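Worksheet: the structure to be examined is printed underneath.
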Amino acid sequence: MCGIWALFGSDDCLSVQCLSAMKIAHRGPDAFRFENVNGYTNCCFGFHRLAVVDQLFGMQPIRVKKYPYLWLCYNGEIYNHKKLQHHFEFEYQTKVDGEIILHLYDKGGIEQTVCMLDGVFAFILLDTANKKIFLGRDTYGVRPLFKAVTEDGFLAVCSEAKGLISLKHSMTPFLKVEPFLPGHYEVLDLKPNGKVASVEMVKYHNCRDEPLHALYDSVEKLFPGFEIETVKNNLRILFDNAIKKRLMTDRRIGCLLSGGLDSSLVAAILLKQLKEAQVQYPLQTFAIGMEDSPDLLAARKVANHIGSEHHEVLFNSEEGIQVLDEVIFSLETYDITTVRASVGMYLISKYIRKNTDSVVIFSGEGSDELTQGYIYFHKAPSPEKAEEESERLLKELYLFDVLRADRTTAAHGLELRVPFLDHRFSSYYMSLPPNMRIPKNGIEKHLLRETFEDSNLIPKEILWRPKEAFSDGITSVKNSWFRILQEYIDHQVDDAAMASAAQKFAVNTPKTKEGYYYRQIFERHYPGRADWLPHYWMPRWTSATDPSARTLTHYKATAKA
C-alpha cells in the first residue's frame, strides 16, 4: 500500500502542481519522493511509501542499471515475483517485488507482463527509449488508480482522486478525473513535448478465466471434475495457498475479525500459517462494535477458538456520526451502503495504527460477491441469474466494497490483503457449475461453509452463522446502525431540501435524507464529481428501498439475538 502520482505534459509550474501529491501522503507515511523525468521539463513522478518489503531499495520510481530507460511507479504486491524470477533467471538488483514488472516487460512486452502478475497492483510504467507510457490495474481493482487526460495531451495519474482534482491546466478549467478500469492496461505515446496520446485500452483478464500466471504456480495439482468432495478439496488447497502467498512482508501482520464466516476463516487459516512459518509474534485480531453488537460476541468466540491476541474496539453513535465527514472525504464516494459500512472500518483502522504495530491487515472482502453471500441471493430467479449477478458484483467491487476496504485502511497507513480475491481461487470458484454456488437449505454461501465443515478451524455456530451486513453487525439488533444514522440525519436535512433534491443533484438524485446528507458532504469536498458513482449499491430481486440486509424479509439475526 503506497501512494503513486505522475504528471506528463504539464503546462503549469511542476513545483506548484506537486502540492497536489501531498493529498495522498496518508498512503505512504514512511518516505516520500518527487522525481523529474530526464529530458522532459514537464513530466514527473511522486511517491509516498509504506515500507513493507525491502527497506533499503524500496523507494520509487524504481530504476535499475540494466534498463536505464524504464521508470516504474507502482502500488501493490506481486506475490509470484520470486517464482517468476527463478523461472526466467532474471537478475534482480533489489528485493522489491515490483522489479519483476521491469524484467517481464523487457522480455515479452506489456500484455504478457500484466497477465503474469499474481497480486494486486496499480502501476505507471514509462519507457523513454520507445516513448511509451503504460498504465495497469489488477483484475478486481483492489489497488486504486485514477487518471485525468486532456484533449491537448496532459496526463495526470494518482492512487486517489483527491491528488488530481486541484491540478491546474490552461486548456481545462475543470479537469475530468475518472477511475482507471480494473483488469485493464492502457498504452500511450509520449511525445517530445511531454504530452501524451492514448493508443489503446485493453481488457487483459476476465474474472472467470484462469490467469496466465497459473502456469508458473507451485499450487499442488487440482483434481478434475465437479464431484462435491473434489471441489471442496480443490477449494481448500487454493484458499490455503491464497493466504500463504500473502504472508510476503517485513512488517507485522494483523487481521480484521467481524465474527462472520469470511473474516473468521481468514483469521483461522492465517494464524495456522503464521505458526507453520514460525513467525515469532502472536496474530492480533481486531473487532469493532457498539455494546450488545452481535459481531463483537461472535468475534470473541472465534478469537478464543483460534487463540489470537484479540482487540475489541467499542464506539458509540456520537463517535460514529462525528467521523462521517472524514470518512466521506477518504472514500471519495457518497454511496449509502459504502458510507455506513466504512465508519466502523475507519475507526478500527485508526485504532490499529495508534495502538499496535500491525501494518499488513488481512480481511474477508470479496467473499460475498464471489460466493453469493448477500441475503438477496435467496431470491435469485435461477442459478444462471445468480451467476450473472455475482459477476456483476465482482466487476463493480472497485466502486463499493474494495473501495471502502482500501480507503478506510489506507487513510491510516495500513496495507490491506484480501485472499478471497486471489486470482486462482476466484477463477476456480467462478468456473463451478452455477447450481453448486447458490444458497441451499435457506443458507447463503453453502458451498464455502460445507468446504470447511470438518476442519474445526472455527466454531460450528460461526461456520453456519447467517449473513450479517458489516454496518448492521456492529450495532445491537435492537437498534441498527442505519436507524441511528437516519434518526440523527432526520434533524439535519429538512423536507424543503428534499423536495428540491432533483434540482440540486441531477446525477444520482438522493431519494432519502440520509442519501442527501452524504451527498452534501461529498459535494463540499468534491464539487461536480458525482459521476464517479454510476449508481447506488442496492440488492436485486426485491422491493426493498433501503440497502440494509435488516430490511429484507429473509433476515434472521433477530432469532439469534
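Cβ from N, Cα, C; glycine included.
Annotated features in TrEMBL:
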ACT_SITE  Cys2  active site, for GATase activity
BINDING   Asp97  L-glutamine binding site
BINDING   Leu256, Ile288, Ser363, Gly364  ATP binding site
DOMAIN    2-191  domain 'Glutamine amidotransferase type-2'
SITE      Glu365  site 'Important for beta-aspartyl-AMP intermediate formation'
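Locations of recorded TrEMBL features on the structure.
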residue : record                                                        : Cβ contacts under 8 Å, 6 or more apart
Cys2    : active site, for GATase activity                              : Arg27, Gly28, Phe47, His48, Arg49, Leu50, Gln60, Tyr74, Asn75, Ser159
Leu256  : ATP binding site                                              : Ser263, Thr285, Phe286, Ala287, Met345, Ile348, Ile361, Phe362, Ser363, Gly364
Ile288  : ATP binding site                                              : Asp295, Leu296, Glu312, Val313, Leu314, Phe315, Gly344, Met345, Leu347, Ile348, Tyr351, Ile474
Glu365  : site 'Important for beta-aspartyl-AMP intermediate formation' : Asp262, Leu397, Asp401, Val402, Ala405, Leu416, Val418, Phe420, Leu421
